[in-house]
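Q: According to Swiss-Prot, the protein carries these features:
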BINDING   G44, A45, T46, G47, T48, G49, K50, T51  ATP binding site
DOMAIN    31-188  domain 'Helicase ATP-binding'
DOMAIN    435-601  domain 'Helicase C-terminal'
DOMAIN    626-661  domain 'UVR'
MOTIF     97-120  motif 'Beta-hairpin'
Amino acid sequence: MINHITDNQFKLVSKYQPSGDQPQAIEQLVDNIEGGEKAQILMGATGTGKTYTMSQVISKVNKPTLVIAHNKTLAGQLYGEFKEFFPENAVEYFVSYYDYYQPEAYVPSSDTYIEKDSSVNDEIDKLRHSATSALLERNDVIVVASVSCIYGLGSPKEYADSVVSLRPGLEISRDKLLNDLVDIQFERNDIDFQRGRFRVRGDVVEIFPASRDEHAFRVEFFGDEIDRIREVEALTGQVLGEVDHLAIFPATHFVTNDDHMEVAIAKIQAELEEQLAVFEKEGKLLEAQRLKQRTEYDIEMLREMGYTNGVENYSRHMDGRSEGEPPYTLLDFFPDDFLIMIDESHMTIGQIKGMYNGDRSRKEMLVNYGFRLPSALDNRPLRREEFESHVHQIVYVSATPGDYENEQTETVIEQIIRPTGLLDPEVEVRPTMGQIDDLLGEINARVEKNERTFITTLTKKMAEDLTDYFKEMGIKVKYMHSDIKTLERTEIIRDLRLGVFDVLVGINLLREGIDVPEVSLVAILDADKEGFLRNERGLIQTIGRAARNSEGHVIMYADTVTQSMQRAIDETARRRKIQMAYNEEHGIVPQTIKKEIRDLIAVTKAVAKEEDKEVDINSLNKQERKELVKKLEKQMQEAVEVLDFELAAQIRDMMLEVKALD
């Protein structure tokens, strides 16, 4: 049984008060939500404090909230901001837990089968479990997610029904508890104690929940009765306190009980027989043999272990769904009356709409060639209309809402005034003749004032050539391309802010979510080449990159002024006029945003210093090793707090290496 607390209130903590046009935006959004309006748009210019407005709305309507961003970087930024605004509430993070993911696929032209290959990030997996367990235990929950939240996740009912509920005085034998833990995919390991594992020492069972990373629980028995339950530090065993109730959630989201498993296996076998008959009738003997061998192996694993690699491909049978019925997703873990906020909706909605088709075409190939049963097609993302059916109330948040959002609602709430008084930048158009030398002069002027420059090009070659040329001219410049990993991208942005280099060149990486107040110049090359990157919305987003600096200026290099350029220039001028009038009326002088540079790499340097010392861990005594483990654990937590999970995993491995010597 789960103790679900429903009377928690969101408590917003901030040293700021709503200002500019934030108060009216907050009031309108809240009134519309409380009035039952299903959809509305918050059209907030860059730098107007949309996240703060979202936080104010969440605290006032007091509903569990799902915030969807279109990539992990943005989700990470939002997660950090919401954690600061709501330190006493459950702010959770739910993104794909793969560091690396190669989906299962088959290429008929070369008869190549590509087996699923992936590397799961343990820290993100922990955060996903933390999100689902929080949703079932309390109502004051904000989950910041990427679009992976519309992928199949397993039945929330099975997940909740499988919870092992413990309290002092409960009559249950130690062996029964051990069996219950194994049933929900916990693993016994008396030596390497990690998330999703338990260990046994006489009448004491220690359990490490899948949603925790440092605290475990010690269940002490007296005969066949639980005597007491203590929360302990997993690493040191130090007792932190006693608890009167403990809910242990499954170690995997794909979980089912024995009765349902037998029914599911029977359905899998029946489907296998049907599909084998189809293949044999069509003379596809190789495909039939392939399917029979693979499926029978999976069935055996499900019978013996309750789990198999690729178990999600059988989720339709395990969940008891009909063919074509949508899968369970994170959205099903929310109560009926919840709020969805879609950040940068002009980008995120496109992803939600496109996920299903890409997944379907790949899976059909696997089914047609005997690598998977047809039911694997129902392990999929939601279709757009299925996502819409989950929507109770939704707020689309964007500086440039797309056509879809505008079709869903006519309620558009503008947020144009920046609390800092900053204006939208001035935009000018210059000819392409001599543009590179002209731009070089502008960059040098910014470098002298310790300001930064963004340059956006249309092609990779242009970006590379431009970067090489500016380097030859003595400019400190970097090119950010699409192959750069998320963590490296974050480091590049930080180095730009610190002045390690002055100019960043990119193609489609500079439009939203990159927050660099030091940038005073944005140069848009080939601004008159109509297309996805040079349409009205794309240009407005790019212009917005210079809106966090009081000296913000945008130069479009073009030989003609396209309709998209003109509309973007006109909209920027309209906003600038409103902002100037507000500043004049209230005596506000625009100030460049002073934003703390979060030291994402501080922990890396700390570890590097430790490594530089070349400590021979074999030469350390037990007390010194214990102190080193404590130091590493602290560094690991610091890495997790800034979402540097790759580094956290490296530190964890170092810790295990040290602990293995004891």
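Just so it is clear, glycine is given a Cβ too, placed from its N, Cα and C backbone atoms.
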Q: Do you know which of the binding-site residues T46, T48, T51 has the most other C-beta atoms within 10 angstroms of its C-beta?
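A: Within the set of binding-site residues, the most crowded position is T48.
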Q: Just to confirm my parser: what is the rounded mean pLDDT across the domain 'UVR' (626-661)?
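A: Here the mean pLDDT over the domain 'UVR' (626-661) amounts to 71.
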Q: Which residues, in sequence order, are found in the same chain with Cβ within 8 Å of the centroid defined by the Cβ atoms of G44, A45, T46, G47, T48, G49, K50, T51 at the ATP site, excluding those residues themselves?
A: T53, A399, Q415, R418
Q: Which ones in the same chain are close to K50 (ATP binding site), with CB under 8 Å and 6+ residues apart in sequence?
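A: K50 (ATP binding site) has long-range Cβ partners L42, G44, D343, V397, Q415.
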Q: Sequence gap of 6 or more, Cβ distance under 8 Å: name the residues on the same chain that satisfy this around G49 (ATP binding site), in order along the sequence.
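A: Expected: G20, Q22, Q415, R418, P419.
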Q: Kindly assign T48 (ATP binding site) to one of the three DSSP-derived states: helix, strand or coil.
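A: T48 (ATP binding site) sits in coil per DSSP, no helix or strand.
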